[in-house]
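Engineer: Have a look at this one.
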Amino acid sequence: MGLGNESSLMDFILLGFSDHPRLEAVLFVFVLFFYLLTLVGNFTIIIISYLDPPLHTPMYFFLSNLSLLDICFTTSLAPQTLVNLQRPKKTITYGGCVAQLYISLALGSTECILLADMALDRYIAVCKPLHYVVIMNPRLCQQLASISWLSGLASSLIHATFTLQLPLCGNHRLDHFICEVPALLKLACVDTTVNELVLFVVSVLFVVIPPALISISYGFITQAVLRIKSVEARHKAFSTCSSHLTVVIIFYGTIIYVYLQPSDSYAQDQGKFISLFYTMVTPTLNPIIYTLRNKDMKEALRKLLSGKL
């Protein structure tokens, strides 16, 4: 009997951080703080990018897509997490778990590809500036964004469907604060080798290949930056690139730790804390890092706050 058949009438018990009751109040503030920052920062980027014509460029098109992703991704996880951190009985309905699994997987996978698209955009802007407008035309940008969203959806359908077919044999105590594939695999009472193989293959496609391509792009960008004669301009470019790469490393690195570790060596308690980084922290960092040193965005924000936009 599959997970779907036997679990439809029973909630999942999310053990979450119940082993650390004193820490739950701190985690509640942590999650709430980062969730609110994510909403404010990313909504601001979407609004400004839409209202200010000078920002109607490929860079801000992708950044707006990333902001929308981050809002939806954290919203699929944070509210349920906040509720469970506040109540003694930490549960989620079977339907809620299925919805959370499909949505978070789709959005997370989409972001993995979209970050690679953004690195490609930066590579062409820096290394091929004379051809940038021709190459990064609106049609190509829309195609790249569409591929990101559709590939994320496909990944979710494969990942989640394979996982939800597993029999649980009455075990509904999920040792996590969200419904996530590695934690659900541990509930299965049958051999999960095939599922782990699917998890590995899909994870390589989404969390190993994209950061490798991003690294190559930034390698070429670094070479181009080194040819800049102005020390100040070179320092500014390196500072911006290092900030972008920091977010990329945190996002992909934490996902790789959770999804590509062998199941027998996976420390679930440690994994839960690491999951907080790519579910709560990086969606907050993205708008800060990608716009902090951007004069156009800061000028547009100033016009918005002064009512001139």
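Cβ coordinates are placed from backbone N, Cα and C, and glycine is handled just like the others.
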Engineer: From the topology recorded by Swiss-Prot, do Pro54 and Leu260 fall on the same side of the membrane?
Structural biologist: no
Engineer: Which one of these stretches, 7-25, 140-158, shows up in Swiss-Prot as transmembrane segment?
Structural biologist: 140-158
Engineer: Looking only at the topological domain 'Extracellular' (159-195), report the model's average pLDDT.
Structural biologist: 84
Engineer: Quick check on the disulfide-bonded residues Cys97, Cys189: which one has the highest count of other Cβ atoms within 10 Å of its Cβ?
Structural biologist: Cys97
Engineer: Do at least three C-beta pairs under 8 angstroms join the transmembrane segment (273-292) to the transmembrane segment (58-79), pairs 6 or more apart in sequence?
Structural biologist: yes
Engineer: Return the stretch with the most CB pairs under 8 A relative to the transmembrane segment (237-259), choosing among 26-49, 58-79, 101-120, 140-158.
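Structural biologist: By Cβ pairs under 8 Å, 101-120 leads among 26-49, 58-79, 101-120, 140-158.
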Engineer: Who are the long-range neighbours of the transmembrane segment (58-79) in its own chain, taking Cβ under 8 Å and residues 6 or more past its ends?
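Structural biologist: For the transmembrane segment (58-79), the list is 31-32, 34-35, 38-39, 41-43, 45-46, 49-50, 99-100, 103-104, 107-108, 110-111, 114-115, 117-118, 121-122, 125, 136, 141, 144-145, 148, 178, 279-280, 282-283, 286-287, 290-291.
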